[in-house]
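K.L.:
Just lifted these from TrEMBL, have a look:
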- 6-325: domain 'Acyltransferase 3' (DOMAIN)
- 12-29: transmembrane segment (TRANSMEM)
- 35-51: transmembrane segment (TRANSMEM)
- 72-91: transmembrane segment (TRANSMEM)
- 103-122: transmembrane segment (TRANSMEM)
- 162-182: transmembrane segment (TRANSMEM)
- 188-209: transmembrane segment (TRANSMEM)
- 221-237: transmembrane segment (TRANSMEM)
- 243-264: transmembrane segment (TRANSMEM)
- 276-299: transmembrane segment (TRANSMEM)
- 311-328: transmembrane segment (TRANSMEM)
- 348-367: transmembrane segment (TRANSMEM)
- 405-638: domain 'SGNH' (DOMAIN)
Amino acid sequence: MTYRSDIDGLRAIAVLLVLLFHCQFPGFAGGYVGVDVFFVISGYLITGIMLEDLRRERFSFKTFYIRRARRLLPALAATILLTLIGAGLIMTPEHLKETATSAIWTALSLANLHFAMADSYFGAASEIKPLLHTWSLSVEEQFYLGWPVALVLCYRIGGRRAVLAAVVLGALAGLALSEYWIDRNPKQAYFLPMFRAYQFLAGAALVFAGHLRLPPRAEEAGLAAGLVLVIGSALAYDETTPFPGLMGLVPTVGAVLLLQCGRARMLGRGLVWRPAVWLGHVSYSAYLAHWPVIVFWRYLSADPFSFAEKVILLALSIGIGALLYHFVETPFRLHRAAAARMRWSQMAPPLGALAVLALAAFGLRAADGLPQRMGLAPAHEDYARLSRFQFLDDYGDGVLQLGRGTSGERILIFGDSMMQNYVPALMRLPRFAEAEVTVISRGGCVMAAGAVRVINHTPDRDCSAYRDRVAAQEGPFDLAVWGQNWTSYGDSLNWEAPGQAPRPAFPDQEPDMAGWQDGVTATLDRLQEVAEGVILFGPQYNAAGVPPLLERIGPFAPLEAAAEGVARIRHAEAPARAEILAGLRAMEAGRTGLRVIDPQALLCDGAECRFHEGGVSYFMDPVHHTAAATPMLAARLEALLR
């Protein structure tokens, strides 16, 4: 096929959309459609080249696959190598193992299968997978393995007409299958080649009309329509868009129009603009480089990307891609001696490099991610001891009798695992240590009157039994302490009232304040009948992201700065917690003898929060404290309760 510079301009649009999406520039939440544009281009070019070679009776599978290998594999091998080196320098052992696993699948051209079995492309875990983007390359490589054989077979049977029939029928069947599978398994629909085939075949279909030129005005209109469809879908789509299926047809048709009308005299100038053509040349290498750059940058950062960081990441991706293009991709692709004589032996260097990288990655997995790199192996036992959930190790769910009982005071403590967070710290306080303390607790159990947790459509009656034991406690108590992490239960928590059907406590993720207030009020009424004073813990502070962030960033940046960065993010993310806390404060103002404690006040002074002690996180997960937090919590509680 004759070289067309406008196709490189189209490649530039495709890679730029992907980079703007992954660098999180506002407005480009659907920039992932750039990958679909690449698929259409590949289908068009590969089919056109093969049909031309078949017509001239010079097609050779050997030549085809050697060219593909020289074009794709050297830059891919370099990307895997550099990614493994980068991961080895900064990633935790666990994440290095995950990256090594991804490298093995990528080297085998099966990355899409690996990621289809793992996390969503849009999930949070994707942000620590530096080879996630290679799924699309694996899809292309699988297309290059299967489609040439099918095309040659159809051509031998019935010529171009048979190929066209196969293309049209395959595209229609692939589109229908893709749309059908989205509801059944959206991850598979996104990653697997059979659900993307219609996009390659749409490009292939254009080969049969690509030699026709539309009238100038129609060509201009077609190019404009293609730009609207491709860029419009990048602006309108996001992670909630069911994709690919019928929604993937929009950028696919747009790419077909851009291929057909890219030589338009006026609008086509943008596609053949020299910077656009240059970016198209380096687009493959820039695509390979961009995601590891973004992942490693994010790995060591606590805050969302600033605009300046987004610009830097965009420039780094293109710059590193250009280096990869000029020093790796181009020398292998345009090597004169290799181009003059096609031999299967030319496949050995890139395939051998991938095999060596796969073996090296396997070794990293076998070595558990080399924990010795970060000094974690010698400190492992201390770290594990401090990182455990102390209450369950020391006590466990159930009914406990604690304290020495020398003061003559009686204290009742009850609640779910959030309340368990604070028992070890409370028992360090003299008043609690010298009292007779009864603890009734069970993880995942809401002990408010009328609360019923439904798990797998079945009410949790064991929890109801614990709640009944609390209600049966006979006073007098000098103090009752109650804590629940209300916001953790979602739609599994229901309220029951005499003569009423149970209703969800958090419909549509928003708290049912009426049901919640009824349950808490009834429970407080009962407590104040048997206890002189009541302490009520508010909903737990959510430290999502803090433990893994501290583990990742610890060797490379001040832990306090990292933790404070996460705190600033989290302070803006708890509307349900704030609403419930406000409700508790209102009850505190209207009742004598009630004291409300905000768990956030135990960690934070204003906008600054502390999340670790000596590099060990105070949280083992978003809401449960580690043993390392106990001394700090005891000191803060003692100060608050004076």
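Placement of Cβ uses the backbone N, Cα and C atoms for every residue, glycine included.
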K.L.:
Which stretch from 35-51, 162-182, 188-209, 221-237 shares the most C-beta pairs under 8 Å with the transmembrane segment (103-122)?
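P.N.:
Between the stretches 35-51, 162-182, 188-209, 221-237, 188-209 has the largest tally.
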K.L.:
Among 12-29, 72-91, 188-209, 221-237, which stretch has the most Cβ pairs under 8 Å to the transmembrane segment (162-182)?
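P.N.:
When the Cβ pairs under 8 Å are tallied, 188-209 comes out ahead.
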K.L.:
Tell me whether the transmembrane segment (188-209) sits in contact with the transmembrane segment (35-51), defined here as at least 3 Cβ pairs under 8 Å among residues 6 or more apart in sequence.
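P.N.:
Contact between the transmembrane segment (188-209) and the transmembrane segment (35-51): present.
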K.L.:
Cβ under 8 Å to the transmembrane segment (35-51), counting only same-chain residues 6 or more beyond its ends: which ones?
P.N.:
1, 7, 10-11, 13-15, 17-18, 59, 64, 136, 139-140, 143-144, 147-148, 151-152, 155, 160, 163, 167, 196, 199-204, 206-207, 210, 230, 244, 248, 251-252, 254-256, 258-259, 287
K.L.:
Does the transmembrane segment (311-328) reach the transmembrane segment (276-299) with at least 3 CB pairs under 8 A, where each pair is 6 or more residues apart?
P.N.:
yes
K.L.:
Report, as numbers and ranges, every residue of the chain located at least six residues beyond the transmembrane segment (12-29) whose Cβ falls under 8 Å of a Cβ in that stretch; write 'none' if there are none.
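P.N.:
Contacts of the transmembrane segment (12-29) (Cβ under 8 Å, skipping residues fewer than 6 from its ends): 35, 37-38, 41, 133, 230-231, 234-235, 237-239, 255, 258, 276-280, 283, 286-287, 290-291, 294, 304-305, 310, 313-314, 317-318.
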K.L.:
Which stretch from 221-237, 243-264, 276-299, 348-367 shares the most C-beta pairs under 8 Å with the transmembrane segment (72-91)?
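P.N.:
Highest pair count goes to 348-367.
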K.L.:
So which residues does the transmembrane segment (276-299) touch in its own chain, when a touch means Cβ under 8 Å and the partner is 6 or more beyond its ends?
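P.N.:
For the transmembrane segment (276-299), the sequence-distant neighbours (Cβ-Cβ under 8 Å, at least 6 residues beyond its ends) are 5, 7-16, 18-19, 22-23, 38, 72, 75-76, 79, 82-83, 86-87, 90-91, 127-134, 137, 270, 305, 309, 313, 316-318, 320-325, 328-329, 552-553.
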K.L.:
For the transmembrane segment (243-264), could you work out the same-chain residues 6 or more beyond its ends whose Cβ comes under 8 Å from its Cβ atoms?
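P.N.:
Residues 4, 6-7, 9-10, 13-14, 32-33, 36-37, 39-41, 44, 175, 178-179, 181-182, 189-190, 195-196, 198-199, 202-203, 205-206, 209-210, 213-214, 216, 218-223, 225-230, 232-234, 237, 271.
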K.L.:
Can you name the far-off residues of the same chain, 6+ from the ends of the transmembrane segment (221-237), with a Cβ under 8 Å from a Cβ of it?
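P.N.:
Sequence-distant neighbours of the transmembrane segment (221-237): 13, 17, 20-21, 27-34, 37, 214, 243, 247, 250-251, 253-258, 260-262, 264, 267-268.
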